[in-house]
Amino acid sequence: MTPPPPSNGGAAQPASDDNNNDHLVQSEDPEHPANLIPSLCAKFWTLGWVTGTGGGASIRDDDLVYIAPSGVQKELMKSSDIYVLSLAAQAKSLDRRSRVYLRSPPQYKPSQCTPLFLAAFTKRGAGCCIHTHSHWAVLVTLILEQQNSREFRINNIEQIKGFGNGFQKSGNLGYHDTLVIPVIENTAHEEDLTEFLEEAMDKYPDTYAVLVRRHGVYVWGDNVHKAKTQCESLDYLFQLAVEMKQLGLPWISEVEPTVPRRQD
């Protein structure tokens, strides 16, 4: 089938049902990416993560990348609203801002988050990337801004165990480990964040997330389960960090390990 013409991040070119590859988003399987993205985004909306059409999610299924559109009420999204592109075809493009969508909904525009999602897939081999406008994430970046800091650091909190040790490393972080999340500055246009997100990924090869100052956070994982787990864990830690700050409690502490009295 002939794919739709390239889009430069604006409105996708309309196509007839015959050549728009609608079959890519049609499935009775609730775990199919085209069904899972609307389901996840509806859940995220209840958490305040994707208010007012902001935020989104993308899932990679081998070479196919499924992406939530721009401008849609995330709690009302349907599988027919999903964009699909080929990761291999995108990698061959000489113009990084030009994207050929295998499947495009006629009524929406491609998400400006797309190149940031693609960075997680190409640089980290991620299977899912989630972008939220969580107000806890934004508040943490504002606190760090007052400290002239570009890193969120926290340790000795149980929820840290929700994060993997790093790219291509086995196991998860431990209770006493320090979780480090880099912060990049926001840009007027979301797509322009891409180079700064990629720089942060290079500088922090073990991170699974990047905070965007006064904006939100990008979180990825090997699969949907891991990305969702890490996103939920991170939001918990952001809220905890804000409340700890209000109480004058430090995010980094010295805690002596507790050794079991009996070891069988």
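Using N, Cα and C of the backbone, Cβ positions are placed for all residues, glycine too.
Database features, via TrEMBL:
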type     : residues         : note
ACT_SITE : E158             : active site, proton donor/acceptor
BINDING  : C113             : substrate binding site
BINDING  : H131, H133, H215 : Zn(2+) binding site
DOMAIN   : 35-242           : domain 'Class II aldolase/adducin N-terminal'
REGION   : 1-31             : region 'Disordered'
Quick one: which of these recorded positions, H133, E158, H215, have their CA within 10 A of C113 (substrate binding site)?
none
Sorted by position, what residues of the same chain at least six away from H131 (Zn(2+) binding site) have a C-beta under 8 A from it?
G55, G56, A57, C113, L116, F117, G216, V217, Y218, V219
By the count of other Cβ atoms within 10 Å, pick out the sparsest of the recorded positions C113, H133, E158, H215.
E158
Using the CB centroid of H131, H133, H215 as the Zn(2+) site centre, which other residues of the same chain sit with their CB within 8 A?
G54, G55, T132, S134, A137, V212, G216, V217, Y218
What is the average pLDDT across the domain 'Class II aldolase/adducin N-terminal' (35-242)?
95
Determine, to the nearest whole angstrom, how far the Cα atom of H133 (Zn(2+) binding site) is from the Cα atom of E158 (active site, proton donor/acceptor).
24
Just to verify a number: CA distance, H215 (Zn(2+) binding site) to E158 (active site, proton donor/acceptor), in angstrom, no decimals.
26
